[in-house]
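Asker: Before we start, here is the structure in question, set down as structure tokens.
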Amino acid sequence: MSATNPKVGFISLGCPKALVDSERILTQLRTEGYEVVPTYQDADLVVVNTCGFIDAAKAESLDAIGEAIKENGKVIVTGCMGGKEEDIRKVHPSVLSVSGPQQYEQVVNAVHEYLPPKQDHNPFIDLVPPQGIKLTPRHYSYLKISEGCNHRCTFCIIPSLRGDLVSRPVGDVLDEAERLVKAGVKELLVVSQDTSAYGVDLKYRTGFWQGRPVKTRMTELCEALGSMGVWVRLHYVYPYPSVDSVIPLMAEGKILPYLDIPFQHASPRVLKAMKRPAAAEKTLERIQAWRSICPDITLRSTFIVGFPGETEAEFQELLDFLDEAQLDRVGAFAYSPVEGAVANDIAPLIPEEVQQERLARFMEKQAEISTRKLAAKIGREVDVLIDEVVEEGAVGRTKADAPDIDGQIFLDGATHLQPGQFVKAVVEDADEHDLWGSLR
Ligand code: SF4
């Protein structure tokens with residue numbers, strides 16, 4: 001690429017969904033001849049894709065904007081925090097432009113305004129790899145199937161930032177997946193705000209892919225993705241009865257036996273106060289039924305501890321649920337009163353010391369469960385996807401582990417392996433989070 005190409009620095013904060021947005025913006029800019037550079041000093045302008053989910057994320061976003069202004073000076077802000085333009089402008093009045101989540105066009109237009117594209121750029125010269133620009137390593141990729149959400153969980157402001165559910169046409173999603181696989185991706189991570197709701201807005205309309213009719217629905221999407229010969233991992237699924245239909249696909253090895261299913265709590269009263277989707281479903285029975293169909297299924301979940309009005313007895317219900325459900329992977333957060341969330345006003349906030357004490361008890365319980373479950377894997381053979389090779393050996397993940405949020409398996413000495421390679425290993429040791437093994 002020529003030294004005179006306009007150069008953009010890009011900072012992407014937040015969840016996998018925000019990462020997908022960043023990838024789209026970058027792909028567009030690269031197509032137009034912009035160069036993406038890794039330092040503030042090399043960049044003519046910096047785009048910051050922000051996260052505004054909890055207060056800590058907002059603070060991180062504001063810090064990142066501040067740093068970019070200090071180091072570069074020309075800063076365009078987009079993403080979830082962009083929905084609250086006045087909060088950003090209050091702290092950083094000099095930002096050039098602010099746009100909200102998925103406002104791809106506005107971000108790109110703002111870049112055009114402050115850093116015009118090169119006039120002699122020839123879009124026919126292939127500046128962009130066929131799979132677009134990926135911020136994740138080449139061998140795995142997030143696949144976003146919808147935007148927005150039809151639920152109104154009382155602790156969450158995402159629907160007010162991102163709007164109601166809009167599913168992508170199933171043919172587009174599958175075309176993108178196919179392009180990614182052709183470009184070398186070995187694992188597709190399906191993301192959205194509510195994956196089980198895919199297609200509800202389109203009344204499960206029948207779309208087309210490779211000349212075949214395919215319904216815009218999670219089960220049919222999973223069947224088609226499962227035919228591509230790569231790992232397919234489902235994130236953000238709710239325990240609706242309809243989820244039962246993807247479990248046989250997991251048992252047959254078509255998609256990974258893995259469900260990321262954010263339960264958030266176990267007390268029926270708290271779930272109702274949270275207005276959680278599928279709050280009335282019999283979760284424990286459902287988990288048992290899934291395990292009887294697919295005994296190897298890995299269940300990951302997240303929980304909120306110290307929700308406004310949560311009593312000690314309700315918190316104890318949550319601990320009892322952990323004991324019974326024996327989930328494989330769990331993340332937990334103390335409730336954080338995000339500005340604009342309905343839950344802040346429905347009951348008194350739980351004092352921070354009580355929240356922290358409950359969080360510690362919760363994590364202690366889950367650590368015991370997780371340690372026991374991982375120890376049970378010692379001696380078993382597992383499939384591993386290699387993520388990186390370091391001086392001591394190769395680091396990978398098993399089918400039970402999503403990147404960044406779950407554990408890893410360390411294969412000491414296996415320095416001859418390559419990222420993106422599948423290998424078989426025997427588990428030799430485990431702690432509460434990770435595994436150690438050797439190649440078969
Ligand atoms: S399901 Fe609830 S928590 Fe998730 S995005 Fe929708 S409203 Fe927010």
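Glycine is no exception: its Cβ is also placed from the backbone N, Cα and C atoms.
For Cys15, Cys51, Cys80, the entry in TrEMBL reads [4Fe-4S] cluster 1 binding site. If you look up TrEMBL, you'll see Cys149, Cys153, Cys156 marked as [4Fe-4S] cluster 2 binding site. Residues annotated as domain 'MTTase N-terminal' in TrEMBL: 6-116. If you look up TrEMBL, you'll see 135-372 marked as domain 'Radical SAM core'. Residues annotated as domain 'TRAM' in TrEMBL: 375-440.
Have a look at these and tell me how they're positioned relative to everything else.
Answerer: Taking the Cβ of Cys51 ([4Fe-4S] cluster 1 binding site) as centre and 10 Å as the limit, one finds 21 other Cβ atoms among all the protein chains shown.
Counting every protein chain shown, the Cβ of Cys156 ([4Fe-4S] cluster 2 binding site) has 22 other Cβ atoms within 10 Å.
Mean pLDDT for the domain 'MTTase N-terminal' (6-116) in this predicted model: 89.
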Asker: Quick test of your reading of the structure: among the binding-site residues Cys15, Cys51, Cys80, Cys149, Cys153, Cys156, whose CB sits under 6 A from ligand 1?
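Answerer: So the answer is Cys149, Cys153, Cys156.
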Asker: Of Cys15, Cys80, Cys149, which of the binding-site residues has the most Cβ neighbours inside 10 Å?
Answerer: Cys80
Asker: Cα distance, Cys80 ([4Fe-4S] cluster 1 binding site) to Cys153 ([4Fe-4S] cluster 2 binding site), nearest Å?
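Answerer: For Cys153 ([4Fe-4S] cluster 2 binding site) versus Cys80 ([4Fe-4S] cluster 1 binding site), the Cα atoms are 17 Å apart.
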Asker: Starting from the Cβ centroid of Cys149, Cys153, Cys156, which together make up the recorded [4Fe-4S] cluster 2 site, report each further residue of the same chain whose Cβ lies within 8 Å of that point, ordered by sequence.
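Answerer: Going along the sequence, the neighbours appear as His151, Arg152, Phe155, Ile157, Ile158, Pro159, Gln193.
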